[in-house]
Every structure is written in C-alpha cells, then in structure tokens.
Amino acid sequence: MDLASWVWNLAPFAAMIAVECTDVGASTISKAALAHGMSKYVSVVYYNGLATLILLPYFIFHRKKRAPITLSLLVIFFLLALNGSTGQILFLAAVKLSSPTLSSAMANLIPIFTFLLALITRMETLDLRRSSSLAKSLGAIVSVTGAFIVTLYKGPAVLTPPTSSFHHDQLLLSQKSEWILGGFLLVIVCLLSATWNIAQGATVKEYPEEMTIVFFFTFFITIQSAIFSLILERNPNAWRLNSTIEIVAIVYTAVFGSLFRIAIHTWCLRKKGPVYVAMFKPLGIAIAVFMTVTFLGDNLYLGSVIGSIIIAVGFYSVMWGQMKEMNMAMALNNEPCSSQSSTLKGPLLQRDASEEI
C-alpha cells in the first residue's frame, strides 16, 4: 500500500517531465514546418481542430457522473481559450523569428510570473523566515539565471557530434532585429502562460473534470483561431498542406502539444497547484540542449553545460521547498487527530515512517 501511494505521488513528477520533453519536440517540429511555409495561423486551427475531433467521442459518450456545465463555466472556458489561442499564435510567430532553444530558455520566465501572480491572488504564501519559502524563491531565481546563461554565454564546444544538413538549414540565427522581436513575443507568451496557470488552477477546483475542460479549451481555440486566420491570413493557399513535415507537425502538436500537454497540466494543477506546474519549465532548456545534440547534431557548448547544472540546482531547490511545505501541511492536518489520541507516540511514529518511505 505504501509502495502504491509512493508511485501515485510520483506520477505528477513523471508526467511533467514527459510534458517538457514533448514540448521541446513540438517546438522543434513546428520550427521545421514553418520553415517549409506552413502558416502559423492556420496550423493553430488545424491542430486544435484535430484535438477537438479526437476528444469528441469522449465528450459525447462519457456522460456518467458529469457535473452540469453552466453558462458562467462556458464563459470561463471561452476566456481561457482566448488566452490559449493568443499565446499559441504568438509562440509560433516567436519560434519562426528565433529558435526552439531560445523559446525553451525564455519559458523559464513562467515560474517567476506564475509565482508573482500566485502571491497576488493569495494562492501562494511567502514567508522568507521559513526555509521552504526561501528555497522556492531562490530556486526560481537560480533556475532563470541558468536559463539566461545557456542563452547568452556560448563558450567553447565540449562535444562536437557529426553535423547534418538539417542542423545547418534549421538552426541558423535570424537577423538581430527578428531575434529581439522573437524574444519580446516569448515574454508575452510566458506572461499569458502564467496567467493561464493561475486561472486554470482556480477553474479546475470549481469543475474537477479535466478532459471536459480540455475539450472546451481546444473547441473554443479552434473557433477563435479560425476567425483570426480569416482576418490575418490573406493567402488562400495557406490552408493547403504541401509537405509531410507540415502534416507531422499538426498531428504531433494536436496529440502531444494540445491533448497530452493540457490534460497533464490540468490534472497536475488540481493535484499540486500552479507553481508546481510552472517550476518544471527550467528543465525545458536542458531537454532542448540534449535533443539538439542527440537528434539534430548540434554542438554542446560549455555555457550549455554550466547553465543546465545551475538550472538543475535551482529546480531541486524549488522541489525541496515544495515537498517540505506539503509535509508541513500534512503534519498540521494530522495534528488534531493525534492530540485526541491517548498516546501521542503512535501516530507520530507512523507518520514519520511514511515520510521516510
């Protein structure tokens, strides 16, 4: 029973690691598809529409014990989708102007924005006199610092695998002005993502049915992005998919970048809260470095090694603070029960044993 409980508690951690891996893959494939002429507006319509179709049978046939959907909930779903559609379009525009590596690095601003918004909305408390709060604050700053080191400091190459034509074609830097614009758009995307984490965390507490939320999220994004595309995309040929990489990008993003990602995020938001979800973003840059070296033949530079180590240190500092606060909350919840017991040692020893496992 203890082993099953330990595995179940580990599930959100493993799921968030998988999400970060698939996110980096989605940005890399999207970058390749955009380079082949795929429209960023149309692609958002296609992969969200495909995700909605995949979820449609579940929404139609899975009606057991479903909570009623009110008009106010539909309005909330629509606003969440508006945040998502805007963020997805801006993200693809930013990736096209810059690179997947920069997008993974800038995504580390999400923990800072989410933590600040969580403090403002009182979903999180900050008491620097407590070691857990101090560890979370310093860990977030350290992780972001490591991400910027990876981006700004290149250093000498420590590993030079055989390069490929794809590497030379896809990883060339854009013009400086486009690179800066891409970074600015990524900052806006990070702010939207942090806002989504907070709003979605509040929504899932009110309506704890993740897949229904995901269905309406992708459904409304499809409608909204279709309207945006009809207004902003003036080329009618943009709606035609002309290459295999475009089809692969849409299917991959629909399954992993939309369904898998949003479902896992929504589930983890309900289980662990918005800051826990956001704090996995610093791992994205380390995963991006690994994937570009392994699959794209990119060089591994000293700055990437140093930055990734700093990110890992900050990440585990945050996780330590999060776990300590969870253990403190569990101890407080068990305290009334233990005070009513005739002997205090029994419950306390039982709790300590479970924490060690």
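Backbone N, Cα and C define each Cβ position, glycine as well.
Unlike curated records, TrEMBL annotations are generated automatically.
These figures come from a predicted structure and were not determined experimentally.
Cross-referencing 133-153, 322-342 with TrEMBL places the feature transmembrane segment at 133-153.
Ranked by the number of CB pairs under 8 Å to the transmembrane segment (301-320), the listed stretches 101-121, 133-153, 179-199, 244-263 are led by 133-153.
Using a cut-off of 8 Å between Cβ atoms, the transmembrane segment (179-199) and the transmembrane segment (101-121) share at least three residue pairs, counting only pairs 6 or more apart in sequence. When the stretches 73-95, 101-121, 211-232, 275-295 are ranked by Cβ pairs under 8 Å to the transmembrane segment (44-61), first place goes to 211-232. Summarised by DSSP class, the composition of the domain 'EamA' (28-151) is 97 helix, 0 strand, 27 coil. Contact between the transmembrane segment (211-232) and the transmembrane segment (101-121) is not supported, since fewer than 3 Cβ pairs fall under 8 Å when only residues 6 or more apart in sequence are counted.
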